[in-house]
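Notes follow the structure.
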Ligand SMILES: C[S@@+](CC[C@H](N)C(=O)[O-])C[C@H]1O[C@@H](n2cnc3c(N)ncnc32)[C@H](O)[C@@H]1O
């Protein structure tokens, strides 16, 4: 899968395109295993998938055909019920429940004590983003808007206490909760969760739900590789659980559960679980999960907490606050996650932002196993918190991650510079790598990175200019807007990286390298860098 660029000193520097959201066959399982098990981390979605130097591969196309949902998007609105908000009219109505379903849900919440004070500060309502929470009076900053008792959460405890609890014991929480949701859904009226399940969208605009045609709009992007990787991961989890649980305990699962059902459940959990309620703590919190995201909320502080209530604080409740004052009739919003890139927002939630620091590209660098200095380089990388593969997220307008240049220099190290790999330098080598090592080494990294960027840029179907014309023209379908925004953002970051290394290449003659620094330290160079000779009589 990896593209290998041969460098002059006889060993190979592997560099390939990747994304924080890429999943190669080999590491997909591991990386994705953490997907819902760990809190979001910039690198939790990082493994490489598509080689940087090859165009969109045919195997990728096969993966898309295999995994793309072909579900027609159902229309749930009658014309009469269609909301009048301008944006809502352009929303795919398949993602919005009926008014009667919303009424039943509100009643269910009241019955189960989930609305808090009376009258409730917010009301679940139709909003441009589907459903949302609308203020019923002026709300000051930090006012609690929703309190949901634990008995209404859907988490591992809910599954354990249910009829399928005894067969879900060893499953990952997200897999167990997915099976629970699908079984309860199939039970219809017999399920106490029906009012909640009925208001969940059939799909979001997450790229995991895009058609093959829609995915073509992100051809060449890291987002596409990630999306395919995620779907492959969900498929592999489904295949396992299908044999081990669904078929084996047929009596517990009276209706067929398909991969697309399972993917729906995955998408629901991914888009609705609050960031710290993932992994082992994964939970769906009905009502609170109707809160939408706004980029106008710039504080990263979580707007919620779990606290004890009732006699001796025994009952746990999920409490959601408004991070800013909200006027009556306006929607309450929170900030979902400041650290997510547009690709992550698109994958998890199905929207993106225009802020430049959401536009990112992940370079994946690797120490080749065929490198004659593989062992030494790996040892040095590991001593500095990196590994055989390292992922570097580069943000539009931001500088290169501090460890990227030393790692690049390490990977490219060889020839007459290889002495730095000897064990006597082990404690100081990283310090040396933080500065240019030699002209040959610095030239190699510039050449390789520039080549990698150009190759990546050549795999997109459109130019930045074409994308910008589309964006400025307006009237784009929501998914196309996401596609165009993400592909334009990736290309801008790639151009930025290319520019950095082009400029550096022009400065190669003016840089100070290891040998000059060393001579200087020993007092063997003059003011102008000339070498001082001693003549013996
Ligand atoms: C936690 S749920 C919020 C409730 C959701 N609107 C619904 O109808 O059930 C997150 C989902 O809401 C939608 N959403 C939230 N904030 C959004 C925004 N700023 N722009 C577009 N869609 C948004 C996306 O579909 C996202 O996956």
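Residue numbers in this text run from 1 along the chain shown.
Glycine is treated like the rest: Cβ placed from N, Cα and C.
Predicted, not measured: the structure shown is a model, and the values here were computed from it.
Per TrEMBL, the feature domain 'SET' maps to 120-337. The S-adenosyl-L-methionine binding site feature in TrEMBL is assigned to 129, 130, 131, 272, 292, 293. Annotated substrate binding site per TrEMBL: 272, 276, 289, 304, 349, in sequence order.
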Three-state secondary structure of residue 129 (S-adenosyl-L-methionine binding site) from DSSP? coil
Restricting attention to the domain 'SET' (120-337), give the mean pLDDT. 94
Between residue 349 (substrate binding site) and residue 129 (S-adenosyl-L-methionine binding site): CA-CA distance (Å): 11
For residue 130 (S-adenosyl-L-methionine binding site), the spatially nearest of the binding-site residues 276, 304, 349, using Cα atoms, is 349
With an 8 Å cut-off on Cβ distance to the 129, 130, 131, 272, 292, 293 Cβ center, who else from the chain surrounds the S-adenosyl-L-methionine site? 127, 132, 290, 291
Greatest C-beta neighbour count within 10 angstroms, which of the binding-site residues 272, 276, 293: 272
Residues near residue 304 (substrate binding site) in space but at least six apart in sequence (CB under 8 A): 274, 288, 318, 319, 320, 321, 334
Under a threshold of 6 Å between Cβ and any atom of ligand 1, which of the binding-site residues 129, 130, 292, 293, 304 are retained? 129, 130, 292, 293
List the same-chain residues at least 6 positions away in sequence whose Cβ sits under 8 Å from the Cβ of residue 292 (S-adenosyl-L-methionine binding site), in sequence order, or say none. 127, 129, 130, 132, 133, 331, 333, 334
Cα-Cα, whole number of Å: residue 293 (S-adenosyl-L-methionine binding site) versus residue 276 (substrate binding site)? 16
Taking Cα atoms as reference points, rank the binding-site residues 276, 289, 349 by distance from residue 131 (S-adenosyl-L-methionine binding site) and give the first. 289
If you draw a 10 Å sphere around the Cβ of residue 131 (S-adenosyl-L-methionine binding site), how many other Cβ atoms fall inside it, taking every protein chain shown into account? 22
Around residue 130 (S-adenosyl-L-methionine binding site), how many other CB atoms lie within 10 A of its CB? 19
